[in-house]
Amino acid sequence: MGWKNPTEIAELRVNGMPYRDWTAVTVVDDTDQANPYFSFECTEFSPTPVSFAAMQIAPGDKCEIMLGGKLALTGFVMERQVGYAGKEHSILISGTSTTYNTAISSIKPDTNGNYDGMSLEQLAKKAAGYHGVNVKTIGKIPGKVFKELQHNPGELTYNFIERACRMRDVKLGSDALGNLLLIGDHDANPVGELIEGKNILRASCVIRDTHFYERHFSIGNGASHDDKNMDPANKNVGEAPGKGKRPVWWIDFIDIPTADKQEYQWRADTSRRVFEGSEVQANITVQGWVQGNGDLWKARETYHVKSPMLILDNNLTCKKVTYDQRDGAGTTTTLEMVNPLYMKAHAPFAKPASGDTPVVKTSGDPGKSVFDAGTTPIVGTTPDQKGPLG
């Protein structure tokens, strides 16, 4: 099928050669994963595969993906599948970005494994740099160095960096341009809207408090030396208050020896952020790939979601975006939206009703739900008519 709308044209550029007219396209950018991925499929019904002869695409080829004229992903081809039966011929090209290397490779074996005295950013750049992967920071991340830090034998590079991130309450992720991301506290004002009855094609939402704890603890052993008494070196605790109302607690054991109280605090904060940031998960599908302002819908951006059916009128952050196109189903974008807290984003939450004083909550407020709006109920018109999230 030939897509005539310029904003719905998917182009796979391999070694500078553009390929279009695909019958199925999927591009996924998931911040939780070490790498984005894509698949392009073309099916022909003719005695001779006219287009396939020109598709000199092989695993290892560098590529770029353009969606609606906008750069959506850079990486390389990992797999080529070709099949035919009678007059039907099909080809599937799939691939990912260079950050994939950090997810499948152990840290370079000829290094001594010592990252003592390095900050999180320094160690991430060193470890990822062996694979030719760039590291970017978003927001503010702690510059405090690790007094003692070594990777485990055979440990995957991505896992090692993620383990260090938990000790700084920094979220590790990747983008679609081949960068690993160290995500710290950052402002995230909405850059667009997702509104029921306007641009939301379909949606689903899960709201949960399955892992709301009264307290989050981190415990561990300090690195014992001759100049340090063994007893205080092995009594280290970090604590972060949660918003859980049930008598339940979460304890993380730290596998990096340290006696630094701040590191225990960051680890407890990480636990709280991950659990409470998972309070809401909304999957929202819109028509097309491009917003009204001409930009692609993107992961890691914050959008205002207004949907009475989902009882949402909140600013949420996109954790994962899936661009899709196929014959008979059209062109769509699906955004997985989460509490901004999960992404270390600080954004105003619920909008007050007309005439009310604006109430701004940030994702850094441990005692408030994404749905808290002061005296303004999310559902219902009076305090006595609040819905289940009131």
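Each Cβ is built from the backbone N, Cα and C atoms, and glycine gets one as well.
Automatic prediction, not curation, is the source of TrEMBL annotations.
Residues annotated as domain 'Baseplate hub protein gp44-like N-terminal' in TrEMBL: 11-95. The annotation domain 'Baseplate hub protein gp44/GpP-like second' is assigned in TrEMBL to 109-182. The domain 'Baseplate hub protein gp44/GpP-like C-terminal' annotation in TrEMBL covers 277-340. Annotation comment: TrEMBL describes 353-390 as region 'Disordered'.
In terms of DSSP helix, strand and coil, the domain 'Baseplate hub protein gp44/GpP-like second' (109-182) has 20 helix, 19 strand, 35 coil.
Each residue in the domain 'Baseplate hub protein gp44-like N-terminal' (11-95) gets a DSSP state, and the totals come to 3 helix, 53 strand, 29 coil.
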